[in-house]
Every structure is written in C-alpha cells, then in structure tokens.
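Enquirer: The following block contains the structure, expressed as structure tokens.
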Amino acid sequence: MSQVWHNSNSQSNDVATSNDATGSNERNEKEPSLQGNKPGFVQQQQRITLPSLSALSTKEEDRRDSNGQQALTSHAAHILGYPPPHSNAMPSIATDSALKQPHEYHPRPKSSSSSPSINASLMNAGPAPLPTVGAASFSLSRFDNPLPIKAPVHTEEPKSYNGLQEEEKATQRPQDCKEVPAGVQPADAPDPSSNHADANDDNNNNENSHDEDADYRPLNVKDALSYLEQVKFQFSSRPDIYNLFLDIMKDFKSQAIDTPGVIERVSTLFRGYPILIQGFNTFLPQGYRIECSSNPDDPIRVTTPMGTTTVNNNISPSGRGTTDAQELGSFPESDGNGVQQPSNVPMVPSSVYQSEQNQDQQQSLPLLATSSGLPSIQQPEMPAHRQIPQSQSLVPQEDAKKNVDVEFSQAISYVNKIKTRFADQPDIYKHFLEILQTYQREQKPINEVYAQVTHLFQNAPDLLEDFKKFLPDSSASANQQVQHAQQHAQQQHEAQMHAQAQAQAQAQAQVEQQKQQQQFLYPASGYYGHPSNRGIPQQNLPPIGSFSPPTNGSTVHEAYQDQQHMQPPHFMPLPSIVQHGPNMVHQGIANENPPLSDLRTSLTEQYAPSSIQHQQQHPQSISPIANTQYGDIPVRPEIDLDPSIVPVVPEPTEPIENNISLNEEVTFFEKAKRYIGNKHLYTEFLKILNLYSQDILDLDDLVEKVDFYLGSNKELFTWFKNFVGYQEKTKCIENIVHEKHRLDLDLCEAFGPSYKRLPKSDTFMPCSGRDDMCWEVLNDEWVGHPVWASEDSGFIAHRKNQYEETLFKIEEERHEYDFYIESNLRTIQCLETIVNKIENMTENEKANFKLPPGLGHTSMTIYKKVIRKVYDKERGFEIIDALHEHPAVTAPVVLKRLKQKDEEWRRAQREWNKVWRELEQKVFFKSLDHLGLTFKQADKKLLTTKQLISEISSIKVDQTNKKIHWLTPKPKSQLDFDFPDKNIFYDILCLADTFITHTTAYSNPDKERLKDLLKYFISLFFSISFEKIEESLYSHKQNVSESSGSDDGSSIASRKRPYQQEMSLLDILHRSRYQKLKRSNDEDGKVPQLSEPPEEEPNTIEEEELIDEEAKNPWLTGNLVEEANSQGIIQNRSIFNLFANTNIYIFFRHWTTIYERLLEIKQMNERVTKEINTRSTVTFAKDLDLLSSQLSEMGLDFVGEDAYKQVLRLSRRLINGDLEHQWFEESLRQAYNNKAFKLYTIDKVTQSLVKHAHTLMTDAKTAEIMALFVKDRNASTTSAKDQIIYRLQVRSHMSNTENMFRIEFDKRTLHVSIQYIALDDLTLKEPKADEDKWKYYVTSYALPHPTEGIPHEKLKIPFLERLIEFGQDIDGTEVDEEFSPEGISVSTLKIKIQPITYQLHIENGSYDVFTRKATNKYPTIANDNTQKGMVSQKKELISKFLDCAVGLRNNLDEAQKLSMQKKWENLKDSIAKTSAGNQGIESETEKGKITKQEQSDNLDSSTASVLPASITTVPQDDNIETTGNTESSDKGAKIQ
C-alpha cells in the first residue's frame, strides 16, 4: 500500500549549502558525450527515499537564476529532503502529522557492476538518513534485508529519440552547451549503449546482495546535489526541464503524487536520457527500480513491490503513455538553428496497452486537489488523449507556465511582504504561517481561514486585499478553459473513438487482476500541466483558484491511515467529476452504465445514470455527502457525455465543510493538544479515543482513562464528558470512614531540628493490636519531621565552632607542608638519578640529551608542582621547558635548589609544629564542646524577667488552646519541679553566702539581712528546721576553711547568734524591727525581751484589719454556709500555697534553675568519679603532645575524689574571683566530657538569685505579700475560705495588671508546682468530687467578693440606670447632698442552692421589704426659678386635661368644684404634717430601728451587712427582693 508523507510544520532551512563540487570553473569545459557513461554518483545498489517538501508554507521564497532555473542551493537540497550540509539533523518528516513513527531507509548494497565514484569526498561523506516513502515503507525497518531484484536482460539496439538516431541527436545539441564536470563524469563508466551482456552479472550480484549489506555506502546531501547539478547541466539549454523536475519533487513532497507517479513522470521527463533515469534509481525506496535502454523508443521496465510493468513512451494519442512534448507542454528538441523538430508519436500497440490497463484500473481515483496554503498553483492540464500539433500546443503551454511562475512568485512576494511588514512583530508572521498550516492540516473551510486572516490583518488593509487575490475564484478562468476545450474537441473525437474500441476489447481480461490488486491504490493528479500518465484520460483541470478547500476523502490509503491514527493533516482527496465518454473505454465499461468503484458501491443508487445526467446539466446542484469516517465520503461520479459533446469544466462545488460544523470539536482537540504538551502522550490520548470508537472500550473506561490526560483541566474534561454523553454516577455514602485530621507539625513543640512532639489528642490512640509491652515501650509522642533544605550548594564540611575551625586550618597547613616536602623528596631522587647519568656522558651526548615529559618516571605532574612551588609560576614553566630541552645544564642547578628548599621546609615545619601543638592543646577539648560556647549567651536571655514570664504565659495559652471539650478539666499547673535532695539546698545557700560575702554591691547590714532571708525562707517554705540549715552551713564553712588552710573556725563559731533561733521571717522583712534586734544583740549579746510588739505604721495595721474584717463578714449567712465552711477545714496540712507576685516568682525560678543544674551534676557524680579514677592517658594524644599539664599545675584537675565536691569548690573559687572563666570551663570539660556546660554560668545565676532576694526585702508590697505567706504558712489548719481570703489579701497589694502566681509545695513528695492565676481562675485546684465542687462554690458565693470561676465580662450592674436619682452618679457617689435615701428594710429571705444544677430557690413565706418615701427629701429652694417653672408647667397641663371635653371638670357644677377644691386643701395639710414628723423618725433611727446612711455607702459593694436581719438598711447593689430575681448580680450569674 502506498504511503505518502507530509510535514505540515517543517521549516525550510534558508542557509545556503556550500558550492557544489562541480564549481563554476568547471563549467567552461567542453561537454563530452553522455552515451555510454554514468555519473559517479549513480550507484545501482544504493537508493534513498524522496522526502516531502511544502513549497510555500515551509519556504519563503523560490529563487531562480537568470536562465529561469532554480538555483542549486539549500532549497534544491530540501526538495530531495536533505538537511543542510552543516546540520546533523534528520530531514523533516511529518512532525505534526498523524504519522509519528520512526522510519528508516535501507540503501541497497553496492554491486560489483556499479561503477565506483571518482569523487572520494562525495562517496566518503557521512550518511544522511531519510524516511522511507513508498509502498514498502510499512514493512521496512533498520534490520530488514532488501530482497534482491533480478533485472531482466534486454537485447538493446540503437534506438532513436524523437525520430533521430543518437548520432544525429548528438550533432544537434546547442553550440553553447557546457561540458559535464569531471567530478560528475567518471572515466571508467560502462557504456549503456552496448549490448546488455553485463546485465546478467548485475543479476547475479543482485542475488548476493543480501550478504553484502555491510558494504554499501549510505548516500548524503552531496549525492543529491550532484544529481541535481547533473540534471541542470544536461538541460542547460532547456531550463524548463530542470524546473519541471523540481516541480515533480515538490508535488511528491506536497503529496500530490506518490512514488509510482514520480517514477512515471521522471521516466517520461528524462526520456532519451538513460543515464539520468538509471541514476534516479539511487534515490528510490526499496522494491522500486527503473530499467531502460539507450534507445528512447524501447519500453521502460518499472519494478515495484507489486511486480514488473512495462511503460511504452512511444504510444498513440489515445494511449496512456504520451511523449514529453505532449505531456509537458511540448518542449521539442531544436537544432542548432533553433528550428523545432516535430514529435513523431506512433500509436501504442495493444499488447503494451493491455499490460498497463491492469494498473490503470487500480489507480482510477478522484482528482486530488492540493494546496500549499495560499493559491492553487496548478496549470490547466491538457488531456493525454488529445493530439494537438506542436505549433498549436506550445504557446498555451508556455503561457500557462508563465502564469504558474507569476502566480508562484506573487505568493512568495506576498509572504515576504508580510514578514518585512511585521519584522518587529514576529508573532503576527508566525500566526499567519500557523493559519496556513492549520488550513492544510485540518481541512478548515476557506471562510474560516479568511476570517482569521481578516482579524490578523485588521490594521493592514493592503495585505488583506492582496490575500483576497489568492482566494478561490474560477469564473473567468473556467470560461477560458471551456473555450480552449471546444477548439480541440473535434480534433480529438476520432482518437477517442479508436481508444475506446481498444479498451473495450481488453476490459474483461483485466477484471480478476483488478480485484487482486485493488489494495494497491495510488492517487493520480496533475500538477503544473502534467498528467499523471496512468491511462485515465482526465478532463482539463480548473483554472487557478477554482479548487475548493481540501476536505476529507475516501480512499483505501486514507482508511488505513485512520486505523493507525495517522491521518494526513491536509492532503485529502476532493470529489472529482471525471469525464465519461468515448475516452472511458479503457476502464472496460460502456457509456450506458458507468459503474463506481468498490469503495463507492453504497452510493450506486444515488449516482445512477439519470441523476448523473442531471448533475451534468446542473453542476452546482452536486452536494457531496460529508462524513468524517473514511470510505463514506462520496466522490463525484464521472460525467457520462456523448462522444460528440464537448466536455466542459464543472463549476466549483460548495466545500463539504459548509454542510457540517466541526469548529467546536476541532477547538477541543487543539486545546487538548496544547494542554497535554507532549506528542507521545497526545498520541496515546488519540489511541484511547480510537479504542472507544472501535467499541473496545466502554464509556466508563473511556472517561476513566481520559481523566489521566485531561482530568486536571476542568474545562476540557467537562466538555469531553458532555460530548460523549457521560453522566456521573451518584456516590455511595454508606460506610464512610471518618478521616483523621491532618496535623500541622510546624505548630507542635520542637526538640532539635528533626523531632516534634505530638499533642495529647494524637497520642495514645486506640489500637487493638497492642499489648501491655507495646504500650509501655513504643513511642507515641515524638515524630520525625524532616527539615527541607536545598542541596544545590553541595557538600560543606560541618564546622560547629571556631575552635574546630582552627583545627581544620592547622591540619590544612600541616598537610601542605607534608605534601610539598614529600613531593620535593621524590623529585630530588628522580633528578639525582638523571644527574648521575649526565656525569657519565660525553659532551656530544650531553648536547643531544633530552628528557621526555615525566623525566622518565611514572608521575607526570609531581615534579612540575614542586618546580612551580620553588620558583614562581611563570619562571616555573621556563625551568620545566629547560629541564626537558637542556637537562645537562638545568638538572644539576635545579637539584641543588631543591635540596636547599628541602632543608628550609623541614626547618620551618619543626618550628610550626610547636605553634600547632600549643594551639591544639588550647582548642582540642573546646572543639568538642558544641553546646557550651553558645549556652552562655542563650542562658543570659533565658533568665531575664520578661522571658521567664513569657515562658509560663505561653504554656498556659497552649494548654488553653489544646483543651478540646468544655468538660475537659483545666490544667492544674504550668511548671512542675521536684526537690528530692535537700543537701543541694545547703549547697545553694553556701554559694549565695560566698557571693554575698565577696560582693561590694550591698552594705554590710544588707548582707547580713540577705543571708538571714535566704535561710529563713528556705526553712519556712521547704519545712526544713533552721538548726539543720545552720549546722550544714557551719560544716560547709569548716570544709572550706580546712581546704584553704586558714584557721578561722573560732571566729566562725563565735558568729553563731543564739537569737537566730527565735527570729522570724517577719522580723527580717521589716527593716526597722530587724535593725532593733540587731542593735540590741550587739549591745547585750542576748535576745531582748520585748514587752510589747514592735511598732508598725498605723496605716498598714488599719488596712490589714479592714481587709480581714471585711473578709470575715459575708453577705450571706446560715446553716448552709456554715456547713460548707466547717467541712472544708484541712487539719495537719501537707500542701502549702504561696500566692506570689512577679518578684517572688522570678526569685523562685532562679532558685529552681540552680537546683536543677546542681542536681544534674550530682546525679552523674558516681559515674564521673569512677571514670576519673580509671582514666588512662590517651596514647595518640600523648604521642601528638596534645596533653597539657597546666590544669594540674594550677590545681584545677580532678583527682579520684568526689567530683561533685570538687565542682562546688571550683564554683566558689569562680564566684570569689580567684579563678578565671576559661580555666573553670576547661576543667569541667576534661572532667565531665562536655556534659557540665550548664555550670559555665553558675556565678551569673547566683548573682541574679541574690539580686532578686534583695528585691524581696526592699519592695514594700512584696514584703507585705511575704508577710501574708508567713502568716498562712504558720497556720496549722486551713480551709478553702481561708485560702480565698489569703488570695484576696495578696491581690489587694497588687495592681490590677500585675500577674499573680500560685506556688504550691507538697511536703510529702517535695514537689513544687507553679500556676499562672488569671482574674477568673480558681484559687485552689478544682475539686474532683461533685460535693466538693458545690461546697467550694458556696464558700466563694457567700464571700462579698465576685464568685470565683465567673467571667468578669459577663457581670452586669444590679440596677437600672433610669432608677438612679437625679443628681446621683452611676458609681454611687452623690453630687448633691440634698437627697436622703432613708428607708425601712425588713429581711426574712431564705434561699436554697441545688448541688447539681446550682439553681437558686426561695423558700415560701420568706420575704424582703424595703420602702423609701419619695417625700423623704430635704426641702428644696422655693424661689428656684427652674423648680417654679416645672411646677407651673405641670399645673397647666393638669388643668387643661381636667377642663377638656373628656376631663373630670367637664360635667361638674360649681358646688362639686368647690368640694374638690376643699379636699385638695386638706391633702396639702396632711402632707405638711408628714414633713413635720420626719424629725421623730430621725431620733428613732439612732436607737437602731431607723438608720440613716449616706448614698455613697449604700452603693459601695465592698461594705456588706449580715443577712438575715430584722430591720436594717439594705445596700442597693445587694438588693434581693422577694421575687428572687438576682440574675443581674454576679451571684445570680453564677447560679444561673
């Protein structure tokens, strides 16, 4: 089956190739005779294929020389499909067509009879692989072996060419004809005119060609150029022949003709030139071959994969084969005088015609209309069956060719004009080319192309007008064609009748062969006035511009491409109307019933003879059926004309695309192709669609597979599903498993760079496959979290500190010395051998002696590096060259210099080793300490007040955020510490005592006070007896004195003050009291007997008593409250609370920090002590002299004793200032192996501890808070009420914005927890039992302060603002004292609180009474103008109301009015008496029955009276009325 290739998007290379081997200097030689010679490039066993070329869409211009010939440049090479000589790329083959498979070509092996080429450069050039095009292209691969084809033996006789013998034709050549270049004409080429005795040898060689595949030489660009140059040189006097040959190649590239069509047209064109015809075999695909003799009258044998056929070039006008003069516009041979020779064309014999009729029946395809994007540049073709005289046919053919050249040049000029116009806008030019290529590839309607071009050139109307010239418009040309056809109709009538008779006689014999060879179909068309020469006399082609746009055709060839998803993009056959008449006899049919081919049997009824005749009369009524499937598109039937009727040119029919609209589908595929962006994936996508069209895939599978390609593009995928009619199935919602939430590890707590702690909600998840061991040992808390970092920077050595960097530099310097010393030593040994050899040489030997590179040794670079190191870089190269060229002179000098350098380098290395050793001793252990160097700066920031408060605040926020459900209990504390070892308390006190003793920041009295404060605080808080603390400190000081060697034990013992046992922390906190005790002790030496308590400031005593008194008088009393308070009392306390402010919290945090660090060191004490005792000297460190004795000399090394005690000793020396930091750190590094780095800042932390302890004494509010702690701590019993009162008292000494902390100590477990307390947090830990919770709530509710656990933002004012008296402010203060809120209150209200629901219930019969008369006010000023105005206004309003139509006075007579007036006067008198009786009420108030209070006292929420009471004045904010509506108060808020 024939395969036509087309590359719609191939871009021609404009780079011109190099000049041909046959240059212009060889053109002046005399042309030798071509008979009996073959050019060097003609190889009988080698061939290439004919690639495609799009003449207009891929090439911008077509240059021709002055003679009309196309220049032999890269354009000519592209016609044969070759890339430019400098390019390694393969020729462009169907890059954007549907055929996207790799194709190979297989040159045939070189036979022994093929003449060798004299041009070695051409024969030895690199291969130029080209795609195989032809019938066998689908069966060929790189590893296929070409089948040998035996060429038949012909007995050739001298033949005439156009009626002339070869001798005569040679004498009639033009005088100015140029000679064949020497590079083209081989000297030893065989003579083709001789008898074919050598043909048998060729056949024998062909049989063995299978074994000679490895000997063939693939062709390249130069071979094709040589052949083109040979054609051009052969027809130098007839440039039209050369141009027609190029046009044939263009037709093949544009898929207008196939490989047999090329063979047929080339054989006809080069008739009489057997060298060119046989040379063309070189470029044919496998299975094709042309064989001809030197006699042009002999038939030409064409070998194809279907078999061997014979083409007779000398046939009758009615036959299939015509002369070149008839086919090509009659280019006759001319003699030297330019006289044309008439062509003698005899009739074709019936035997020859019968052999060709078989093939012609197979190739009766519709006329193919090809288009290269712009105009249809096809000449009206003369039918082959018309016999026109030379004188008459020459002029029309020449005119037609001129028109072709003009039209083609106009198209080229138009494209160049567009490119020049939009030089600065290349996108427009590219878009224009894309429009043309899309028109060819996708068969778009011409209207759509014109619309796109109109939009593109909307700002260039001149270009748009020029483009309209190329649109199809065949009215004028059609008329001329009809007239021309009528002139020659009569002349051809007799020839047609004769040809019809011969064809009918041969028809029946060819029926069976037609069916067998039906599958081999080749498109037949004419181009530039050349018929296809297939025995199908076709009517004249329509004029230029009369072709419809390319549409889908129906051929077996295209149907096969459709199955392979390889539809040619723009080459589709159009329905053609083939003339039917006497000239149709070669098909073996009569005029009465013209049958259709097998591909159109389904359309037989539609194109019946009656309908065909109607279509002849009405050509415009022909409406081809549009269908996208191959084989279903009808082709215009042949026109059944009577022989006497002149065939007419049919009118242009409407394009098939006009009846269908595929714009949306085409747009979808364009978008899909751009979206996929990969040719291979797009091909797979098309294969899936093909499987669905073949019913291999169902709709669900199709959508599922297409989802892989288009699923991420919602628009395309939705359109596709709608187009194929896919309806999504409803999703099944049963058994949906709840997916676990995705956790953002960036928000979790980090441990190092790689681990994150999971929250509690994600840990300990239910797992049925775990046992107790799994729950115990498996990790559910920490997860690995990689750190994403770029690896583009490559590997960098990990150097963690500057000391490790120093070790790196030392090693690099030591390596450099070792490297050059060893290299120099090797070079010295090499040169010593050479110098010793030179000393034994004679003078002549020394002069001629030279050294090779490497100096005769294995290394080629060592001595060069050494010489360049000793000498500078520039002179080093000179020395190396001299050492190679003149070793006798250079070697001794260089050897002496190298020995001198060796001694110098070794001496310097010994000196540097001392420096390196000292540096390594200093930085060796520091380089291993990766945490200690950065810890000192980080620790300073972590122990600041801001950081410590931020730490506990952030922990509280995290705990609150992680509380998932409201029933989840609140966290008890934020920080927890354990103090298992009490001896460390004594160590901390000893370090603090050391610092206080040696510091100069405090005065001596403050130093003593600080020491006592620390001891008494630790004794009181941790429940340690003071005597034990004194004994421990005394023993510590004795150990220190013994170790220091000083005898001051008596002085220490004398300092023991007996009064310290009876002094309390309160005495220390009050400066004046402590100073009095200190002074009396110095005077008497004994404890003073204080007859009265120390004096305090009266304001302080009054404030404390007021707070305590208010706290003890709750606003609610009764059995319920007493029961809750009595059951909440705790006996034998084990848990103590310290409500602290910021200063106390910071002090305690420093204490815990020192304790944790000392505890960590003490826990590893046993192991470190054992290691020190068993530690041996490191051998390599000793050998390298890395061990230093400075620590032992300074007494800082650790011996085999208690390592923890030695750490304390060094710490005291550091605090005293006797030891430098670097030696203290170095000593800890060597003893604890970089694990004691937290003690590097022990002096700084101790200093901060003493600083904050001093703040506890100096800050007045902090001292009061500490006094409250002492008072609570000394109480043996406590209750929830006492703790709440304790908290309220502490809060009274703090500002509203200051933070409060609760430090809780458990005496039994020695555990301390710190909790950050907000305003609405509970004072104590939330009880677990419901009864305990209820009792705690009642206790807090009974106290006058806001109930704990109630958010303050939910509290509201317990009265309405509109009830406030005039002149009284909202906060309860009086603006005017003239108002008197006197009243009577009787309270017998009793309430109950439900333990579970906390609802408030009022008992029946209980009530509250509160009355206050509005007249109980001080008299106002009578002459007040404002008051008078208001009174008069009210009187006037009342009088108007009474006197109105509906008023009370309306129906009263005068007597009634007087009676009412009298009653009014009596009312006034009663009011006056009531005012006089107010004095008596005031006197009884003093006796307790009636009480007078100021309004400010009533509105003060802090003052409360005991309820229930018989008669009292109730404050407004605690007004509990009989309705029990207390929701507006804070109590009601908690109850509800």
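The backbone N, Cα and C atoms fix where each Cβ goes, glycine too.
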Enquirer: Out of S111, S1046, which residue gets the phosphoserine annotation in Swiss-Prot?
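Expert: According to Swiss-Prot, the phosphoserine annotation belongs to S1046.
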Enquirer: Just to confirm what the record says: which one of S316, S548 has phosphoserine annotated in Swiss-Prot?
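Expert: Matching S316, S548 against Swiss-Prot annotations yields S316.
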Enquirer: Going by what Swiss-Prot says, which of S74, S121, S137 is noted as phosphoserine?
Expert: S137
Enquirer: In this predicted model, what is the average pLDDT of the domain 'PAH 3' (656-727)?
Expert: 87
Enquirer: Of the residues in the domain 'PAH 2' (404-474), how many are helix, strand and coil by DSSP?
Expert: 54 helix, 0 strand, 17 coil
